[in-house]
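Before any comments, here is the structure.
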Amino acid sequence: MNSTPDLISPQKSSENSNADLPSNSSQVMNMPEEKGVQDDFQAEADQVLTNPNTGKGAYVTVSICCVMVAFGGFVFGWDTGTISGFVAQTDFLRRFGMKHKDGSYYLSKVRTGLIVSIFNIGCAIGGIILAKLGDMYGRKMGLIVVVVIYIIGIIIQIASINKWYQYFIGRIISGLGVGGIAVLSPMLISEVAPKEMRGTLVSCYQLMITLGIFLGYCTNFGTKNYSNSVQWRVPLGLCFAWALFMIGGMTFVPESPRYLVEAGQIDEARASLSKVNKVAPDHPFIQQELEVIEASVEEARAAGSASWGELFTGKPAMFKRTMMGIMIQSLQQLTGDNYFFYYGTTVFNAVGMSDSFETSIVFGVVNFFSTCCSLYTVDRFGRRNCLLYGAIGMVCCYVVYASVGVTRLWPNGEGNGSSKGAGNCMIVFACFYIFCFATTWAPIAYVVISETFPLRVKSKAMSIATAANWLWGFLIGFFTPFITGAINFYYGYVFMGCMVFAYFYVFFFVPETKGLTLEEVNDMYAEGVLPWKSASWVPTSQRGANYDADALMHDDQPFYKKMFGKK
């Protein structure tokens, strides 16, 4: 084959959509690319499988619905943005901290780590236990229940007077709710969104996280000059508004057609597909989509109810898929994003910024607008290319950030005044890092796991994968104060090494799923397609007569030629 590997040519992956199949088919068949050439069979298949509603407003309805569901990410982002400021606010320190001999208040490293990071443990447990509600009562009702649990946790936190462990318990309970949201929101979006926009719409979940972080920073900045509990109780009180908005939004969102088919509600599933695609319920396109979903559900039923063990022993390739989901979610945390977002205020103090709350807002702005860019890149360049290039970009940023912090920040030794130029350089490259993270790994980790698993094990697999994310979030959140106290900005080299590993892992283990239905992704795994050749894979119903499926399953070249050479 003469196709170029994903690393070299992001354009190849970006063209792998159902609307542009001739280009992909020609790569596999060793033929020149001719966009105007299709065989009659493929053209006929496309006519049925393609949404006939291609006007300017074709996806407005489903986009609005998915943004409402994605608002669950805002709830998590708000917590991340506010807690980073709480641990530096005077009233919070007075109520929940300890007293120095000079009369000032502080939070010990252990207490800081627990207050900040225990939320992640709650999220991990909630993701595993509460995600099952989506299978039992539907994705919408499951989301409403976990939001109510989140509200209970917020009430406990606001009611805390001076007992840090009461606040601690409240964060665990609110974490249970957010953990359920983190599984059910991307799941519902991926099952409702048309395949042409699934990557973009699932990425809206991450966009809402960044918006929550940014507005959380802004709220902390607005309340920091108060001398009483307004500093932290007002940001917490606003959580009620976000939760009620999400519950209200659920009344307008259609239920997952895949869940409805599984529950035997075929007419409701047809209506859901009709609503999100803006096509009449009796249109052949809706019937075709419904038949594909029904076939998938029937196949799952024939195999019986899924056990947890099936995540590692099931077919096709469930062990590989489960481990890939766990690794991608783990590596998203090991990018080091929460080093900046949880402890951004502390980091800015360390580099000599005069108003660390104000500078945190800069992070929030960069994060939000960079994530807006990801809504374009995720479906334009594909999942693999974004993850690969994102890892390279973050490695470069960490090299500069850590090196300047270690060698130039304190020219006269730590504690003897910092270099303003070095501090500014570190802030700039921290912003570059956030751009690389927010446009690639931040949203695409959720996109990948929402597309990877078949329906019968989806809630279990996604909950395990996101639990790995929360577990690493806890470890990073808890141990960061100790690690930075011991090795300071050498910490950046740790995350740099993780990103080097992430690059190689993605190249060899993560396939391209852009432009495929959830059922087609399952077929691709069943065929054993090599991840670095997966961008050239074509669904069975759309293959030409000369399609060489076997060529995508074998590669005898040395690894360096797989990665950098032409096939």
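Positions of Cβ are set from backbone N, Cα and C atoms, glycine also.
Annotation source Swiss-Prot lists region 'Disordered' at 1-30.
Residues annotated as compositional bias 'Polar residues' in Swiss-Prot: 1-29.
Residues or ranges marked as topological domain 'Cytoplasmic' by Swiss-Prot on the basis of sequence analysis: 1-57 (among others).
Swiss-Prot lists SER23 with the feature phosphoserine.
The transmembrane segment feature in Swiss-Prot is assigned to 58-78 (among others).
As annotated by Swiss-Prot, topological domain 'Extracellular' applies to 79-113 (among others), with the evidence given as sequence analysis. DSSP assignment over the topological domain 'Extracellular' (79-113) gives 20 helix, 4 strand, 11 coil.
If you look up Swiss-Prot, you'll see 114-134 (among others) marked as transmembrane segment.
Mean model confidence for the topological domain 'Cytoplasmic' (135-140) is a pLDDT of 89. According to Swiss-Prot, the topological domain 'Cytoplasmic' annotation covers 135-140 (among others).
Same-chain residues lying 6+ beyond the ends of the transmembrane segment (141-161) with a Cβ under 8 Å from its Cβ atoms: 69, 72, 75, 95-96, 122, 126, 130-131, 133-134, 167, 169-181, 184-185, 188, 233, 236-237, 239-240, 243, 246-247, 250. The feature transmembrane segment is assigned by Swiss-Prot to 141-161 (among others).
As annotated by Swiss-Prot, topological domain 'Extracellular' applies to 162-171 (among others).
Swiss-Prot lists 172-192 (among others) with the feature transmembrane segment, giving sequence analysis as the kind of evidence. Remote same-chain partners of the transmembrane segment (172-192), defined as residues 6 or more beyond its termini with a Cβ less than 8 Å from a stretch Cβ, comprise 62, 65-66, 69-70, 72-73, 75-76, 79, 118-131, 133-134, 139-140, 142-143, 145-154, 156-157, 198, 201-202, 204-205, 239, 253-254, 256-259, 272, 276, 446-447, 449-451, 458-459, 462-463, 466-467, 469-470, 518.
Per Swiss-Prot, topological domain 'Cytoplasmic' is recorded for 193-198 (among others), and the stated evidence type is sequence analysis. In terms of DSSP secondary structure, the topological domain 'Cytoplasmic' (193-198) contains 1 helix, 0 strand, 5 coil.
Summarising the annotation, Swiss-Prot assigns transmembrane segment to 199-219 (among others).
The feature topological domain 'Extracellular' is assigned by Swiss-Prot to 220-233 (among others).
According to Swiss-Prot, the feature N-linked glycosylation site maps to ASN225 (among others). Around ASN225 (N-linked glycosylation site), there are no C-beta neighbours below 8 angstroms that are at least 6 residues distant in the chain. Look at ASN225 (N-linked glycosylation site): DSSP puts it in coil.
What Swiss-Prot records for 234-254 (among others) is transmembrane segment.
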Query: Of the listed stretches (114-134, 199-219, 386-406, 429-449, 467-487), which one yields the highest count of Cβ-Cβ distances below 8 Å with the transmembrane segment (58-78)?
result: 199-219
Chain residues outside the topological domain 'Cytoplasmic' (135-140) and at least six past its termini with a C-beta under 8 angstroms from it: 184, 187-188, 191, 250, 253, 255-256, 259-260, 263, 459
- prompt: For the transmembrane segment (429-449) and the transmembrane segment (199-219), does the number of C-beta pairs under 8 Å, pairs 6 or more apart in sequence, reach 3 or more?
  reply: yes
Statement: Note: vs the transmembrane segment (386-406), the recorded stretch with the largest number of Cβ pairs under 8 Å from 114-134, 199-219, 489-509 is 489-509
